[in-house]
Amino acid sequence: MLLLDVGNTRIKWAETTQGVIFNTGAATHAGKPADALSILGVDEPEQIWISSVAGPAHDLALTKVCVARWQISPNFARTKPEQLGLRNGYAEPLRLGADRWLAMIAAWADTPADCIVVDAGTALTVDAIGADGQHRGGIIAAGLQTSEKAVLGATRFPTRQTPLTVHAGLGLDTEACVRQGAMLSALGAIDRASAQLPGARRVITGGDAQVLHPHLGGDWQLRPCLVLEGLLLVAQAA
């Protein structure tokens, strides 16, 4: 089985055999996820499951690639009011992104207990789940790179490339200050949102998870493939 997580910036994938994930990877898609899929180096799958937040036009293009390359029509995971013991907290359940939903399914399925799920990508999302499986709500904020680009794009002073290194302190030049501002904003958002459910298990995933993880307070579990793990659970239950 081929699992695909199509985000705003990257396409992530994993192959599975007998319910075990292997051969995981990720690549930027430059706004053309179907093109990235067309050259993906994977074995011929028996099934394809996709989580996508790219929109209907891109989903159609992804489907066309799957049919042309493997003669398989893919299954798209959709957010539901209730699934695998998890109950959606949105009044309009379909407006909750499929990636957030699948990440919550995977995190809560491990141990049905209070849980905080962070997905640090183009957007930074934090979701809270009660021990009863009820989604208590969440937040959506700018991701690290999104925040940096927003600040630099809204100013007129000359800047250089922002530094790759980050820490939990202050910067000593404009570029480092922008980077650290994004970093501390993300850490603060995660900290304040997580405080809404004290004592909960805490899980983080997403492209910037490895950057943020060392600077988070408390015990956090780093799960790079959390959305794909949730997608596998949904596929197995179908």
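Backbone N, Cα and C define each Cβ position, glycine as well.
Just so you know, TrEMBL annotations never went through curation; they're auto-generated.
Bear in mind that the values here come from a model prediction, so they are computed numbers and not experimental data.
Same-site candidate for ATP binding, as annotated by TrEMBL with Asp5, Val6, Gly7, Asn8, Thr9, Arg10, Ile11, Lys12, chosen from Thr111, Thr122, Thr125: Thr122.
Here the binding-site residues are Gly7, Gly97; the one with the fewest Cβ atoms within 10 Å of its Cβ is Gly97. Thr9 (ATP binding site) sits 15 Å from Arg100 (substrate binding site), taking the CA atoms of both as reference points.
Residue environment of Ile11 (ATP binding site) contains 24 other Cβ atoms, counted within 10 Å of its Cβ in all protein chains.
Thr122 (ATP binding site) falls within neither a helix nor a strand when secondary structure is assigned with DSSP, and so counts as coil.
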